[in-house]
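Database features (TrEMBL):
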- His186: active site, proton acceptor (ACT_SITE)
- Asp41, Asn104, Val128, Gly129, Asn130: NAD(+) binding site (BINDING)
- Arg91, Arg97, Asn130, Arg161: substrate binding site (BINDING)
- 5-151: domain 'Lactate/malate dehydrogenase N-terminal' (DOMAIN)
- 155-329: domain 'Lactate/malate dehydrogenase C-terminal' (DOMAIN)
Amino acid sequence: GEAIRVLVTGAAGQIAYSLLYSIAKGDVFGKEQPLILVLLDITPTMGVLEGVVMELQDCALPLLREVIPTDKEEVAFKDIDVAILVGSMPRREGMERKDLLKANVKIFKSQGAALDKYAKKTVKVVVVGNPANTNCLIASKSAPSIPKENFSCLTRLDHNRAKSQIALKLGVTANDVKNVIIWGNHSSTQYPDVNHAKVNLKGKEVGVYEAIKDDSWLKGDFILTVQQRGAAVIKARKLSSAMSAAKAICDHVRDIWFGTPAGEFVSMGVISDGNSYGIPEDLLYSFPVMIKDKTWMFVDGLPINDFSREKMTLTAKELTEEKETAVEFLSSA
């Protein structure tokens with residue numbers, strides 16, 4: 001078969017280091033699909049990137065046709081099928097969120113323009129670099145010739161964290177839990193919602209609230225644990241979550257490529273236009289989606305209780321504010 005071109009940015013960083021092997025060995029696009037990996041990072045990291053290229057070569061992977069390391073956007077974005085935008089300006093100590101936004105608007109405006117100019121119009125773009133939702137919106141706005149629906153941001157790590165917390169609490173595997181939802185921003189205002197989640201207990205499908213029988217935990221510690229898990233990992237490991245982020249990226253992209261299983265939905269940050277949950281238009285907001293033929297659809301018509309509504313509105317408000325700040329920077333960038 002013909003090789004697909006997959007771009008990973010921030011390719012010298014630690015998430016990419018966990019991610020590239022999984023992609024190259026066929027975990028994401030299937031065991032038959034040959035690949036060309038394009039690795040973009042900033043000029044000072046080219047030496048490190050050369051080492052990553054050597055290691056990929058030394059893995060002797062049958063699907064990997066070529067690895068192209070580069071610090072040039074016009075090389076990186078040329079004719080790509082998939083863009084996984086991991087690289088972003090990380091938050092330094094004492095940095096205001098506003099400063100972080102400003103630095104990232106510049107990066108994602110530039111990468112959006114490069115997508116617009118060089119990539120295939122069918123390209124699927126996944127933004128991982130934080131603040132992921134707003135970075136994704138800026139990239140999309142900077143690539144007007146590529147459909148908005150082709151852009152998504154990663155909330156799958158939060159989704160996986162929620163699934164796993166439920167599984168740990170019930171002593172089942174993560175595979176026994178389905179249809180958790182992450183609403184909103186990939187930040188501490190996100191809302192992990194298990195009102196519609198099901199768990200397989202001894203061969204019987206049961207609602208999570210019914211299975212756990214501890215509403216105060218589900219409305220309290222469970223939500224806080226998922227919201228603050230990233231910070232907890234950094235505190236313990238002195239580094240951010242790379243292995244689990246890489247796994248979540250693989251899950252997210254594989255679902256785009258192959259679709260979601262029947263009766264199951266996943267969480268993804270996508271453009272809010274046309275949603276049935278009263279979330280304002282033109283936000284990049286995490287919703288429950290189903291995917292078929294590389295196209296996602298909202299899961300519509302889920303009943304939303306007052307507790308959920310309040311949390312969903314709160315995270316939408318934060319995203320609206322982020323967007324306004326970013327758009328301000330965009331016009332001056």
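Using N, Cα and C of the backbone, Cβ positions are placed for all residues, glycine too.
Largest Cα to Cα distance within the recorded substrate binders Arg91, Arg97, Asn130, Arg161: about 24 Å as a whole number. For the domain 'Lactate/malate dehydrogenase N-terminal' (5-151), the model gives a mean pLDDT of 96. The Cβ neighbour count for the residue listed as 'active site, proton acceptor', using a 10 Å radius over every protein chain in view, is 29. Here the CA atom of Arg91 (substrate binding site) lies 10 Å from the CA atom of Asn104 (NAD(+) binding site). In sequence order, Gly10, Ile15, Ile84, Leu85, Val86, Ser88, Cys153, Leu154, Ala245, Ile249 make up the list of same-chain residues 6 or more apart from Val128 (NAD(+) binding site) whose Cβ falls under 8 Å from its Cβ. Arg91 (substrate binding site) sits 15 Å from His186 (active site, proton acceptor), taking the Cα positions as reference. Taking Cα separation as the measure, Gly129 (NAD(+) binding site) is nearest to His186 of the recorded positions Arg97, Arg161, His186. For Arg161 (substrate binding site), the Cβ neighbour count at a 10 Å cut-off comes to 22, with all displayed protein chains included. Long-range C-beta contacts of Asp41 (NAD(+) binding site), restricted to its own chain and to partners at least six residues apart, with a cutoff below 8 Å, comprise Thr9, Gly10, Ala11, Ala12, Gly13, Val48, Leu49, Pro69, Asp71, Gly87.
The 10 Å shell around the Cβ of Arg91 (substrate binding site) contains 15 further Cβ atoms across the protein chains shown. Among the binding-site residues Arg97, Asn130, Arg161, the ones whose Cα is located within 10 Å of the Cα of the residue listed as 'active site, proton acceptor' are Asn130.
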